[in-house]
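Asks: One structure, pasted below without further comment.
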Amino acid sequence: MIFATLEHILTHISFSIISIVILIHLMNLLVYEIEGLHNSSEKGMIATFFSITGFLVIRWISSGHFPLSNLYESLIFLSWSLSIIHMIPYLGNHKNDLSAITAPSAIFTQGFATSGLSTEMHQPAILVPALQSQWLMMHVSMMLLSYAALLCGSLLSVALIVITFQKRIDSFLKNKNFFSLRKSFFFGDMEYLNQKVSVLKNTSFFSFQNFYKYQLIQRLDYWSYRVISLGFTFLTIGILSGAVWANEAWGSYWNWDPKETWAFITWTIFAIYLHTRTNQKLQDQGTNSAFVASIGFLLIWICYFGINLLGIGFHSYGSFQ
């Protein structure tokens, strides 16, 4: 009873802190960035990390096994993983470009785990025989850490695509404006000089805006590549450890189970991303590889959530049933 009460308190504390962090980000976005509020949001995510860590430790003690036995516990662990990824730039004294991705993702996963699942799934359960293995912590934790990293990196790639296309549209409209000025000059339009002065005044603004977007695109490409590389490493370790565990439990390293199949497809897509990103040309600005990562974003949800919805195959332990 005491453990259940502590778990309830810690989940609500972490959810409340993340909600406040989201509000701070909205205030900085809609008004202007305040240094004190920005530091408070970073400290809030650290407090969230420790709250979720406390929940996982208490659940571990009360259940007697590592808390990754059902969908509720895996979603909480996923939220914990997102908070870790959020703190990586902060601990390295880098500008945190991940905060716009990690904080909403953490509140979404934890909110769904708390409110979207039945109360029966919130209760710790005895592990089925197939899960009573030392490989549970190794395999499932690596897979969920990979999901968190790959989701964040994929969303950064989606943001890169959106900003790149917006930049190209702005450049197209700007060039179209200059073309119309030249056309009006050839036809003797008297307003040409006034329009030219107006355009020249805006040239410095457009240059600054394009330079800012260029820097933002470079940072998004930088962080998406490194976060996806980290997630790809976790995914590889998770698949290999899962193969060893499958051989112990079912007598075969690979059974083409739906979860295994989609995990392999996801691994292949992000391997293509890393290959494309490593060999991309400078002028591509990462858009080709970003398209591949955006496909990977959908595959991760199919692999993690879609298979659980169906509740089929050997990996039906984390389903809604």
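Including glycine, each Cβ sits where the backbone N, Cα and C put it.
According to TrEMBL, the feature domain 'Cytochrome c assembly protein' maps to 68-315. Among the features that TrEMBL reports, transmembrane segment is placed at 12-32, 44-62, 74-91, 137-165, 223-246, 261-278, 290-314.
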Asks: Against which stretches of its own chain does the transmembrane segment (44-62) lie, if we need a Cβ under 8 Å and a gap of at least six residues from its ends?
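Replies: That would be 3-4, 6-7, 10-11, 13-14, 17-18, 20-21, 24, 73, 76-77, 79-80, 83-84, 86-87, 90, 99, 102-103, 106, 110, 124.
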Asks: I'd like to know if the transmembrane segment (74-91) touches the transmembrane segment (290-314) in this structure, counting it as a touch only when three or more C-beta pairs sit under 8 Å and are separated by 6 or more positions.
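Replies: Judged by the Cβ rule, the two regions do not touch, with the required three close pairs absent.
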Asks: Can you tell me the mean pLDDT for the domain 'Cytochrome c assembly protein' (68-315)?
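Replies: Averaging the confidence scores along the domain 'Cytochrome c assembly protein' (68-315) gives 78.
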